[in-house]
Amino acid sequence: MNKANMLRTDKDMQIILFSEVSVGISANSILFIAHVCMILGENRPKPIDLYIAFLSLTQLMLLITMGLIAVDMFLSQGIWDSTTCQSLIYLHRLLRGLSLCATCLLNILWTITLSSRSFCSTKFKHKSPHHISGAFIFFCVLYMSFSSHLFISIIATHNLTSENFIYVTQSCSLLPLSYSRTSMFSAPMAIREAFLVSLMALSSGYMVALLWRHKKQAQHLHSTSLSSKASPEQRATRTILLLMSFFVVLYILENAVFYSRIKFKDGSILYCVQIILCHSYATVNPFVFICTEKHIIKFWESKCGRIVNI
């Protein structure tokens, strides 16, 4: 992609991207602060609250990093050096991977928490946070190693004229790699993402089947007219299904745009669309948590009430 074409990119795309980043940073900050305060105020915080707090922190850092990259894409005069380019692009790639990993593990932990109360599952529930934490550390090391090639393939190119370089920002470009090297780095990442998305789909499907069976048992034992209010389990199911469906749709759209960019090699608009889709989940999912978890709303209502009383 030529830098001149990037500068002529539709201004609407720039506004959408900066608006998305700003809204996402605000929403994740609200979610993170609420969960940290609730965790510090409890003697035994729930594992799910810890993972939601970590997910919101990861997404917050991801969007801040993307904001810095977007500034260099549209507003900067190309003043970054190679170290800055490599560090920020590497950090952004790492945070993207950790966000996907944290979302997957949170989905699994949520499924385990809502599973049946058999002896095996109850015993596993107590150990699951430790297993999931170990899995997360493993994926952290894996992501760091998979993204390490960016330190040699990202360079600062302030006066880019060659079409061989791949545009990243006004300051940074990606060195062209051979087909074998590209496959060596892209294949493990594709397998990793497919594995995590498959785990999310399986855990969500299992939980939906589990709660559907629970609902049938409840209808058999009790009259459905006793209460029309949704149970906490049903609300949790709706939340997970909504997040999972939204994630899958964005994942499909993002990959479709990516392959379209490969076909139309000089697509500055497609580049912006891919970036917007890539960060839409990190922007939207905090609102889903805030709207579906009543204790977060009550927390902020109490804080706002105290400020008003003062």
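Each Cβ is built from the backbone N, Cα and C atoms, and glycine gets one as well.
Of the cysteines listed (CYS37, CYS140, CYS172, CYS272), Swiss-Prot assigns CYS172 as the disulfide partner of CYS85. Relative to the membrane, GLU20 and SER260 occupy the same side according to Swiss-Prot. Nonlocal intrachain contacts for the transmembrane segment (94-114), taken as residues 6+ away from its ends with a CB within less than 8 angstroms of a stretch CB, comprise 47-48, 51-52, 54-55, 58-59, 61-62, 65, 121, 124-125, 128-129, 132, 135-136, 139-140, 143-144, 146-147, 192-193, 196-197, 199-200, 203-204, 206-207, 210-211, 233, 236-237, 240, 243-244, 247, 278, 281-282, 285. Looking only at the disulfide-bonded residues CYS85, CYS172, the densest Cβ neighbourhood within 10 Å occurs at CYS172. Counting same-chain residues at least six beyond the ends of the transmembrane segment (51-71), those with a Cβ under 8 angstroms from any Cβ of the stretch are 14, 17-18, 21-22, 24-25, 28-29, 31-32, 35-36, 39, 88-89, 91-92, 95-96, 98-99, 102-103, 105-106, 109, 132, 168-169, 275, 279, 282-283, 285-286, 289.
Long-range Cβ contacts of the transmembrane segment (21-41) within its own chain (Cβ-Cβ under 8 Å, at least 6 residues beyond either end) map to 49-50, 52-53, 56-57, 59-60, 63-64, 66-67, 70, 279, 282-283, 286-287, 289-290, 295-296, 299-300.
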